[in-house]
Amino acid sequence: MQIKSLLLAAAAAPAALGAAVGTVKPFNCGTDAPSRQHIQMTKEIAEKEAAFTAAGGVSAQAAINVNVYFHVVASSTSLSGGYVTSTMINNQVSVLNTAYAPHGIQFTLKGTDYTVNSNWAVDGSELAMKKALRKGTYKDLNLYILKDLGDALGYCYFPTSVTSKSNDWYYDGCSILYNTLPGGDLTNYNLGHTSTHEVGHWFGLYHTFQGGCTGNGDYVADTPAQASASSGCPTGRDSCPSQTGLDPIHNYMDYSYDTCYEEFTAGQKTRMTSYFNQYRANASV
């Protein structure tokens, strides 16, 4: 991952420095920009969705139930070392359910494990960590709660065609900075919506500012064009004035404060369902 490689360099900074600045930082998602191959996959899915709608189809989408496994990877057994409480984890699941329930998606906590490993806790040796900890199948969500992710608050992997037990299969899931969970101490980002955002990527969603003001943007028709990520909650922001609509600052796939986040669109719901059904729903391993 190109973006993630840069973030790992920052993660190697001394722990004392991380503690000094760790409670105040801007939102930054470490998920790689979608590859050409993945964009082509998204184009094909979008075309199928559009053709279905044009033909007068009305989708009776079944509810999606996702099993979730939490892996807390800390540098010590203290909260400041990333050792989050079970209450924080339960509250995080509640936040996810509140955000996704209107779109027919439910999350069930299936297990939580704790590991103290100073290297893994700062996102070192990602593949080795995931080979040791990953649980479930490709349709199950693994969330790795880490002490430090460099400049990022989280990152995740898009759904794709994978072979069981391949490296891509193991990499799947989301890594989340520990103090973004509900009750964490990261100013403006401690209500749990970093996980909401990253899980959106796990379902195949791009950032709302993908592609800027031109082209197909995020390939979802009902998200207004957006030139760049938002910061804070800039009401009335219109970074693409020649395009219809104000910037979707309340959309979970922007970079707004947790208090500003409110919604996914109907088109994003359809996209999440399409990706899940095509690449995850029937996974047996």
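Using N, Cα and C of the backbone, Cβ positions are placed for all residues, glycine too.
Annotation in Swiss-Prot places Cys260 in a disulphide bond whose other cysteine, of Cys213, Cys233, is Cys233. Of all the recorded positions in the record (Cys233, Cys260, Asn282), the one with the smallest CA separation from Glu198 (active site) is Cys260. Residues near His197 (Zn(2+) binding site) in space but far in sequence (CB under 8 A, at least 6 apart, same chain), listed by position: Cys29, Gly154, Tyr252, Met253, Tyr261.
In the structure shown, across all protein chains, Cys260 is the one of the disulfide-bonded residues Cys233, Cys260 with the greatest number of other Cβ atoms within 10 Å. Across the fold, the C-alpha of Cys233 (disulfide bond) and the C-alpha of Asn282 (N-linked glycosylation site) stand 39 Å from each other.
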